[in-house]
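J.: According to TrEMBL:
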TRANSMEM  B:38-57  transmembrane segment
TRANSMEM  B:62-80  transmembrane segment
TRANSMEM  B:100-119  transmembrane segment
TRANSMEM  B:126-149  transmembrane segment
TRANSMEM  B:169-188  transmembrane segment
TRANSMEM  B:223-241  transmembrane segment
TRANSMEM  B:261-285  transmembrane segment
TRANSMEM  B:297-319  transmembrane segment
Ligand SMILES: Nc1ncnc2c1ncn2[C@@H]1O[C@H](COP(=O)(O)OP(=O)(O)OP(=O)(O)O)[C@@H](O)[C@H]1O
Ligand SMILES: [Mg+2]
């Protein structure tokens, strides 16, 4: 086997007549950011759902750290070291920002069966949670209700929750969406540091960020990987230009 | 707006003051009425853990109320007839001791909640409501046909069960016992709600996918909440049977499950004292309106409608100005 942390082999998923994932084999190696780009509806989120659990592929496998996790539940994959951020925020809207990250720390601790101690007074949880908020720049908002956050702040919180898991690999679905120029900048800097801790499979529409960050890029169109390579290779590929980057070339 | 803490304290002090006043003016019936409210409040605190924090709309919580009731009824019946209970070769003597009865009620309700929860939590939404309702009906009809313990007529217990150091036949003493248990249950609820378990359960209600992605199992969290919830409602059932010195299949009825939900909605879903305020109001309405008209449920329905439409946070939400109700 290769040294890939995360690996898909021949993943296939159909929704009726639509091939949403069409024989996708990609891998994520230690220390890298592997960007997945592609037009709307290309099947990027569908691919992520199969990698992280929640959507079962019709065929093909997902390996994490060399182990086949295709049949494992979402929670099992998370415990095995996979941290996912959602394109559409999946956060506890009625809870505070801090409570949302403490939930992550609690998941990582694997000890939710405590009925007596105060979660927010447990330093082993809040220390991890606050460190994560610090890194994404949300520490001042920690007592705000999640519902009161801006769209961009919710993206940051998604990333903060993933950080609390200290994962083996990150899988992020459009973390820059709605961040604005400055937010994007900060997020780019954060992801840049993060790759040393764990590699990132990054789905992103923001091409400046992708070209700045990615070690490798795979281009997904109609569920198929039509090209895969370094930033320069993808930039200069005529297939990619025609299929996707047309307006940017 | 009034702070929620103040509302809670006023409710608790009110619960203490009214029966004491009733002792002074010698109105034992008022004490019985307030005791009834306190016991219903305990049952609803139990349900509120599943419903308010876990988002589980159980229309079968009367199962646990009834199990508690029959645990009391059966044990006391054997004690008063000097017989013993034969359970597949196991000979169990009856008892008139409240603590023992409570323990049995709690353990059996918890066990039933675990089995019912295991099956019901495979579904969610309307299907969960229907399955829990179906379990309720199953127990209801079983109790009706259980002729060994009175069948449709139920069981009468002649003397209220005992508690060490108290004379439970004195209404105010039995009331005090129930009030202490309500406080204990509220304290448990408060701790649990702020503990890691409560935090995770609260998130499992709102976004189960998030809970999964941090490596926790939302269904397992809800199952444990359902078990705790059932156990508390079971305890209330044992007290309710002791208050009336009578237990019958109506304790298993779906109307009772519905009333528990209604009184939580009136008080405030997911609020610590929602069940307490709801139960007091419910018993008061039942008494006053029930004395005026046979159709008091219609008025109760109207009040419920008004609250659902105009005060999503129930009475507590209305008083504290915090609308945010969930479910
Ligand atoms: N559960 C589903 N049932 C049927 N079709 C689906 C389902 N989920 C996704 N699709 C379809 O599969 C295709 C891929 O969707 P997906 O969300 O993966 O695209 P995407 O690449 O993430 O797009 P975007 O850039 O807009 O996020 C789309 O045509 C979508 O309509
Ligand atoms: Mg998508």
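In case you wondered, yes, glycine gets a Cβ from its N, Cα and C as well.
Neighbours and distances for these, please.
T.: Note on the transmembrane segment (B:38-57): residues 15, 64-65, 121, 128-129, 175, 178-179, 181-182, 185-186, 189, 192-193, 198, 201-202, 204-206, 221-222, 225-226, 228-237, 239-240, 243, 259-261, 263-264, 267, 269-271, 274-276, 278-280, 282-283, 326-327 of its chain, located 6 or more positions outside it, place their CB under 8 angstroms from a CB of the stretch.
For the transmembrane segment (B:62-80), the list of distant contacts is 43, 46, 92-96, 100-101, 104-106, 108-109, 112-113, 116, 135-136, 139-140, 143, 149-150, 154-155, 157-159, 161, 229-231, 233-242, 247, 249, 251-254, 256-257, 260: same-chain residues at least six beyond its ends, Cβ to Cβ under 8 Å.
If one looks beyond the transmembrane segment (B:169-188) by at least 6 residues along the same chain, the residues whose Cβ comes under 8 Å of a Cβ in the stretch are 12, 15-16, 19-20, 22-23, 28, 31-32, 34-35, 38-39, 41-42, 45-46, 98, 159-160, 163, 232, 235, 239, 242-243, 272-273, 276.
Same-chain neighbours of the transmembrane segment (B:261-285): 4, 7-8, 11-12, 14-15, 33-34, 36-38, 40-41, 43-45, 47-48, 51-53, 57, 59, 182, 186, 189-190, 193, 296, 299-300, 303-304, 307-308, 313-317, 325-327, counting only residues six or more beyond its ends whose CB sits under 8 Å from a CB of the stretch.
For the transmembrane segment (B:297-319), the list of distant contacts is 1-2, 4, 7, 262, 264-269, 271, 273-274, 277-278, 281-282, 285-286, 289, 325: same-chain residues at least six beyond its ends, Cβ to Cβ under 8 Å.
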J.: Give the nonlocal contacts of the transmembrane segment (B:126-149) in its own chain as ranges (CB under 8 Å, at least six residues past its ends).
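T.: Residues 56-63, 66-67, 70, 73-74, 77, 116, 119-120, 155, 248-249, 251-254, 257.
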J.: If we skip the immediate neighbours and take only residues 6+ beyond the ends of the transmembrane segment (B:100-119), which ones have a Cβ under 8 Å from one of its Cβ atoms?
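T.: Hits for the transmembrane segment (B:100-119): 60, 63-64, 67-68, 71-72, 75-76, 131-132, 135, 161, 222-223, 226-235, 237-239, 242.
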J.: Who are the chain neighbours of the transmembrane segment (B:223-241) in space, where the CB to CB distance is under 8 Å and they lie at least 6 residues beyond its ends?
T.: 36, 39-40, 42-43, 45-51, 53-54, 56, 58, 61, 63-73, 98, 101-102, 105-110, 112-114, 116-118, 120-121, 157, 178, 181, 185, 188, 192, 197, 201, 247, 251, 260
